[in-house]
Amino acid sequence: MAARSSALLAVLALLAASVLAAKADFDDQFEAIGDRDHIGYRDDGKDKGQEFSLELDQESGSGFKSKAKYLFGEFEVKMKLVDGNSAGTVTSFYLTSGESATHDEIDIEFMGNSSGDPYVMNTNVWASGDGKKEHQFYLWFDPSADFHTYKITWNPKNIIFEVDGVPVRTFKKYDGLPFPSSRPMTVHATLWDGSYWATQHGTVKIHWRHHPFVVPYKAYHANGCVHDKATNKTACPAGSDAWMHRELGEEELKTVAWAERNCLSYNYCADGWRFPKGFPGECGRDL
């Protein structure tokens with residue numbers, strides 16, 4: 001009996017140590033958004049790495065943002081979305097320069113849905129406060145069944161959105177048109193109640209009987225040019241050329257075309273009702 005108790009105490013001590021290690025790593029990289037008690041920490045060791053979970057209940061949503069600010073880079077994370085009835089929930093991974101009227105932002109957002117209906121992945125780009133550039137997708141898998149990798153590559157030429165290594169969208173820079181290129185951005189991840197717009201244009205609200213809603217994030221990776229506010233200088237890491245000049249080649253553009261044919265559910269460049277005076281300048285241009 002004493003041996004079993006000692007073994008149990010040893011396991012509990014290891015678990016406590018792994019949680020503390022994950023929390024310390026979180027504090028090194030991120031600041032909490034919302035209720036800190038709604039963020040969970042776990043360390044699965046070298047092979048699987050650290051995992052942070054966000055929780056949403058009737059009291060609060062939650063999130064985290066990077067302490068570092070970046071001016072260009074590549075950013076990715078693995079997420080496993082809320083399963084079952086996720087209507088009204090919004091799970092996100094995005095970059096933003098802040099909340100001013102002229103802010104820049106690059107979004108990946110998942111809008112929850114009723115049980116049995118697919119998630120919508122919303123991608124959007126804001127430049128100098130100009131947004132309304134959404135492409136929305138129904139993915140070719142269930143994003144709540146397992147972890148999947150979501151990646152944003154942002155450089156002076158274009159923004160590339162990837163899912164499990166598959167490019168699904170590229171947003172290019174054109175002369176004379178808004179593009180996020182001068183405002184450093186922080187990386188954010190959030191889980192919140194978006195009932196007013198997220199599911200079927202806000203007609204289906206969140207069902208609190210299913211709460212708490214939990215989304216785990218892991219394998220976060222940021223490889224970008226870090227901006228120092230004090231000196232107003234930006235330092236890029238070694239090897240940054242790999243993504244700084246990246247544009248999609250012919251084969252990768254074929255995967256974007258495939259995603260548009262098979263998964264795209266909304267394209268702002270096809271929404272004439274929304275733009276009665278003409279589409280934004282980038283619409284209709286060749287990639």
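A Cβ is built for glycine as well, from the same backbone N, Cα and C atoms used for every other residue.
So that you can see what the record holds, here are the features copied from TrEMBL:
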ACT_SITE  Glu105  active site, nucleophile
ACT_SITE  Glu109  active site, proton donor
DOMAIN    17-217  domain 'GH16'
CARBOHYD  Asn113  N-linked glycosylation site
SIGNAL    1-21  signal peptide
On average, what pLDDT score does this prediction assign to the domain 'GH16' (17-217)?
91
What's the CA-CA gap between Asn113 (N-linked glycosylation site) and the residue listed as 'active site, nucleophile' in angstrom, rounded?
24
